[in-house]
Amino acid sequence: MPHPLLDFAPEVRSALDAGAPVVALESTIVTHGMPHPQNVETARAVAAVVRANGAVPAIVAVVAGRIRIGLPEEILDWLGTAKEVLKLSRADLPHAVAAGLHGSTTVAATMICAHRAGIRVFATGGIGGVHRGVEETLDISADLDELARTPVAVVCAGAKAILDLPRTLEYLETRGVPVVGYRTDRFPAFWSRDSGLPAPLRLDTPEAIAALMRTKEALDLGGGILVANPVPEADEIPAREIAALIATAVAQARAAGIAGKAVTPFLLSRLLDLTGGRSLSTNIALVKNNAALAAQLAVALRGARSSGPQAGAGAPGAEPGPARRTSPARAPSGEGW
């Protein structure tokens, strides 16, 4: 039975009804993660990558209080420049829906909406996590608890390097979230392939990840999994190089009194300037890379045959081969993606 608060793009609804692979995509990257026009261009490019790897893309957002699973082109264009759009996590989602507001969905909110829609795989850039200075602020992203409670696989390039990565991994372990390095023994750090920390698990094919998900469900453990997919080597910013720039940006945020949800957008904006635009180009590359793997995982989960590249071979930068081991402003209306 359709959920009364969800509106599906026709293509997404048809795919779900047919049991075809679908990949959820967040909308915060459009409203808060990238400048215009790269934000909208990237959203379209990521959707194209999902299609090329055999799945249907479903960008998630809240428009005038309705949860949209898949966005028509005119709404995507509008989101790219809209100003009255909230950044929604678990705590904000019911308010935005009840009040008829507009909102873009973070990792946590996208997971919730994807699960309600029957979508099991979600591609994003990087998750939130434990913020630096947490002993003073208690600033921990809701993404982490959502991974522990909502059964969706999140494919990302690790946690954002602006965070306290050791504590983020510790928190995920405590909450029982499997963290899988895809074809790597190292936990990636968004712009960099190696955070300096080991990946808790390693799997080398989408089919192996799908088997992990099925087994977790069979054991009735609840919650999702995190798939950490390193940025392609040609696109990365080495960890040592980005670390100094992050330290500068963090110091600037503290000096300016930036806190809460405003921290991540501020730091990303500062890093865009400090890297001369490289952080944005790397971000775009890693999101596409994650979208390819997410689509392959969705295909593997459905047991469907993709008409695109063989599973495991389509992700940019991936090395093919066998596994080595296991009253807001009015939004435009429209139907269709």
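Here the Cβ of each residue, glycine as well, is placed from N, Cα and C on the backbone.
Neighbour density for GLU26 (active site, proton donor): within 10 A of its CB lie 28 other CB atoms from the protein chains shown. For GLU26, the entry in Swiss-Prot reads active site, proton donor.
What Swiss-Prot records for LYS87, VAL107, SER141, ALA142, ASP143 is substrate binding site. Other Cβ atoms within 10 Å of the Cβ of ASP143 (substrate binding site), summed over all protein chains shown, number 26.
The Mn(2+) binding site annotation in Swiss-Prot covers ASP139. All protein chains considered, the CB of ASP139 (Mn(2+) binding site) has 18 other CB atoms within 10 Å.
Within the same chain, residues at least 6 positions away in sequence whose Cβ sits under 8 Å from that of LYS160 (active site, nucleophile) are GLY125, GLY126, ILE127, GLY128, GLY129, ALA189, PHE190, THR264. DSSP gives LYS160 (active site, nucleophile) a coil state; it is part of no helix or strand. What Swiss-Prot records for LYS160 is active site, nucleophile.
Under the heading region 'Disordered', Swiss-Prot lists 306-337.
As annotated by Swiss-Prot, compositional bias 'Low complexity' applies to 306-325.
Taking the Cβ of SER141 (substrate binding site) as reference, residues of its chain lying under 8 Å away and at least six apart in sequence are, in sequence order, VAL107, ALA108, ILE127, GLY128, GLY129, VAL130, HIS131, LEU163.
The least crowded of the binding-site residues VAL107, ALA142, judged by other CB atoms within 10 A of its own CB, is ALA142.
Report note: the substrate site is defined by LYS87, VAL107, SER141, ALA142, ASP143, and the residues of the same chain whose CB lies within 8 Å of the CB centroid of those residues, excluding them, are SER89, ARG90, THR106, ALA108, ALA109, ILE127, GLY128, GLU146. Counted over all residue pairs in LYS87, VAL107, SER141, ALA142, ASP143, the record's binders of substrate, the longest Cα to Cα distance measures 13 angstrom.
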